[in-house]
């Protein structure tokens, strides 16, 4: 009696399982969305790096095909997210609303109906069972009383102090107890027989209610199976024609990469096949005044380009990312040194992932394809602090003795990149020693802390107070 509670509880569990399944699908949809967003961000960032990097030609297009693949796969995963939430999630939600009806006083209508059905089917049998228990209790009490009366009678026969009248009373009590035993036994057997006769009908009524609960649960189980199959179809991209086309197209783009074609293009645009600009005799002109550099660099159409200027702070100006082949980008060395290494592990510095990625994207300029290179000879390494003439044992033209009284510590106001072998390179904030005062052309002679000696624009530094 009362064990039908487990079957009734299953109805409440069914409603909770619907919530669990919806939460499960919702979490997966959120994962699909985040993955799609990360794919898009990855593709955008690496597309910039590759396009502005030194890779060229068909291999560049093959590399960029991976970013196109990521963008297309991202769209597919957004479609998966949409299917999970708009179709599967909503389907479960609607089915749950139709299958389970809440009552004003709490609980579900289906639970109460099952509870009432089981109680109604069990009530007659439970009543008879209660009668059987009462009859059994009365019979067992009569048997106990009979045994006690017989024991008293037996003991009284051995007691000479008892008179015949008392002994007669004990014998009568034994007789009455035997009759009570027979009556209660008969009643117990009768009630038990009635219970047995009612059991088949009881089983039929209980099973009928149980089958109703089974049918309700069968609907839920079949519905769950149907929904899970739909979720599987939405998640499975292996059979999606668009998914296969993405990788078929990726393979084709990679196979179109042609090393011979790329080398031919590079020869024609960056090698011996490119148009030449041989040095020609140039007349001196008073208009070509040097103001920042100690030499002029003639451009074919733009006149003179003054280079080596990198202001900091609020005075920073945006460099021309696509200058001609003869101009010099002053931030080339600086940006290359701070360029982003895509294979470095990100440290937990407290910044968000998006902030880190933004900082990495800002360093793309070090990869620019159209960056121009200095026209200094390739064997000149005046900008390398580890290749100073002192280290090589050669004489330095600036190693003449200077008076210590003339030396003054100064601090750089701007970045400057030496344009000739006898010029220094430094960055804003660097400290160096001024060895000679400004000449008539606005140049000073100084020494860096690494021992390198050279010239620099006088108005690029200020004395250290």
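Cβ atoms are placed via backbone N, Cα and C, with glycine included.
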Under TrEMBL, the annotation coiled coil belongs to which of these stretches: 167-198, 199-230, 231-262, 263-294? 167-198
Over the coiled coil (167-198), what is the model's average pLDDT? 87
Could you pull out which residues elsewhere in the chain have a CB under 8 Å from any CB of the coiled coil (167-198), counting only those six or more residues past its ends? 124-125, 128-129, 131-132, 134-136, 138-139, 141-143, 145-146, 148-150, 152-153, 156-157
